[in-house]
Amino acid sequence: MRHLLNPLDFSVEETGQLLDLAKDIEENLPKYSHVCDGKKLATLFYEPSTRTRLSFEAAMLNLGGSVLGFSSADSSSAAKGESVADTIRVLSCYADICAMRHPKEGAPLVAANHSSIPVINAGDGGHQHPTQTLTDLLSIRSLKGRLNDLTIGLCGDLKFGRTVHSLINALVRYENIKFILISPPELRVPEYIREDVLKANNIEFMEMDSLDEAMPSLDILYMTRVQKERFFNEEDYIRLKDCYILDKKKMKLAKQDMYVLHPLPRVNEISVEIDEDPRAAYFKQAKYGVYVRMALIMTLLEVK
Ligand code: CP
C-alpha cells in the first residue's frame with residue numbers, strides 16, 4: 001500500500017507515468033467511467049477548500065466510485081477532541097482511500113502511520129501540497145510541452161505558500177530549471193528550501209523584490225496569494241497582502257509564450273483584467289486538477 005504525502009514519494013519516472021495517465025484521461029474520459037465502481041473516497045478536510053476537495057470528489061465520481069467525508073474540523077469529532085490517529089483508524093473501516101487536509105504540518109503522515117488505506121496529503125499547514133504539485137506539473141507540461149529547460153518565476157508569499165514549497169521540491173529533479181523567486185524580504189522561501197533543496201541540488205536561482213524586473217525572463221509565472229491564515233499578526237498581513245498585483249501593464253513585459261499559473265484562490269494578486277489573456281492559464285490549471293487526481297486515485301488503488 002502506498003500513500004502520497006510529499007511530491008518526492010513518486011520518482012520522476014512514476015510522476016511521468018501518472019501525468020501520461022492524466023493526459024489519457026483528459027482525452028478519453030468515458031473510458032475511465034467505471035474503473036472505480038464500488039470504491040469509496042473519504043475526504044477529511046480540517047481546513048477550508050474549494051478546488052482540492054471538490055476536484056477529488058469529482059475525480060472519484062468520474063471514475064464510477066463514491067465519496068464521503070467532512071469539510072471542516074467543526075463538523076467532525078475533531079471538535080470533541082478525537083485524534084487524527086483514531087479518526088483514520090475509523091475511516092479505514094468505511095473507505096478505500098482518503099484525502100486529508102489539515103492545518104498542522106505532518107498530520108497526514110500521522111494518519112498514514114495509523115491507516116490501512118492509502119492516505120493522500122491534500123495540504124498540511126505551510127508544508128506541502130503534493131496533489132497541487134502534480135496539477136502544476138501537468139499544467140506546465142501541457143502548456144509548454146516539457147518539464148525541463150524552463151525559467152520559473154514564483155511570486156508572492158513564498159514563506160507560507162505550501163504549493164510553492166512542493167513545486168520547488170518537485171521541479172529541481174528536472175534538467176536546467178532556473179527559479180526567480182519574487183517576494184518581499186519578509187516572505188522569502190524558508191531556509192530549508194533555499195539551503196537543502198535549491199543549493200543542495202545546485203539549482204540556479206535568484207531572489208528579488210521586483211516583478212517587473214523578472215517578467216521578461218520567465219517561461220512560467222506562478223502567482224500566489226498572501227496566506228492570511230498563517231500570519232500571527234494582522235498588521236503584517238495588511239501591509240503585505242497587496243505587494244504584487246499582476247495586471248495588463250505587467251503582462252506587456254512578458255514573453256508571448258509565457259503562461260501564468262496560480263493554485264487559486266486568488267484575492268487581489270491577479271487583476272481580473274488579464275483573465276481573458278491567452279497566457280492566463282489558472283482556470284485551465286484547475287481543470288487539470290481533476291484529471292491528475294483521477295490518475296492518482298487509480299494509481300494508489302492499483303486499478304486500470
Ligand atoms: N489550490 C487549492 O488548494 O485550492 P483550495 O484551497 O480551494 O483547495
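Note that Cβ sites are derived from N, Cα and C of the backbone, with glycine treated the same way.
Curation plays no part in TrEMBL annotations; they are all automatic predictions.
For the carbamoyl phosphate site that TrEMBL gives as Arg51, Thr52, His129, Gln132, Leu264, Pro265, the extra residue drawn from Arg101, Arg230, Arg239, Arg279 is Arg101.
Take the mean position of the Cβ atoms of Arg51, Thr52, Arg101, His129, Gln132, Leu264, Pro265, the recorded carbamoyl phosphate site; other residues of that chain with a Cβ within 8 Å of it are Ser49, Thr50, Ala122, Gly123, Thr163, Pro263, Gly289.
Candidate binding-site residues: Arg51, Arg101, Gln132. Nearest to Arg162 (L-aspartate binding site) by Cα distance: Gln132. Close contacts with ligand 1, defined as a Cβ under 6 Å from any of its atoms, occur at Arg51, Thr52, Gln132 among the binding-site residues Arg51, Thr52, Lys80, Gln132. Rounded to a whole number, the C-alpha distance linking Pro265 (carbamoyl phosphate binding site) with Arg225 (L-aspartate binding site) is 7 angstrom.
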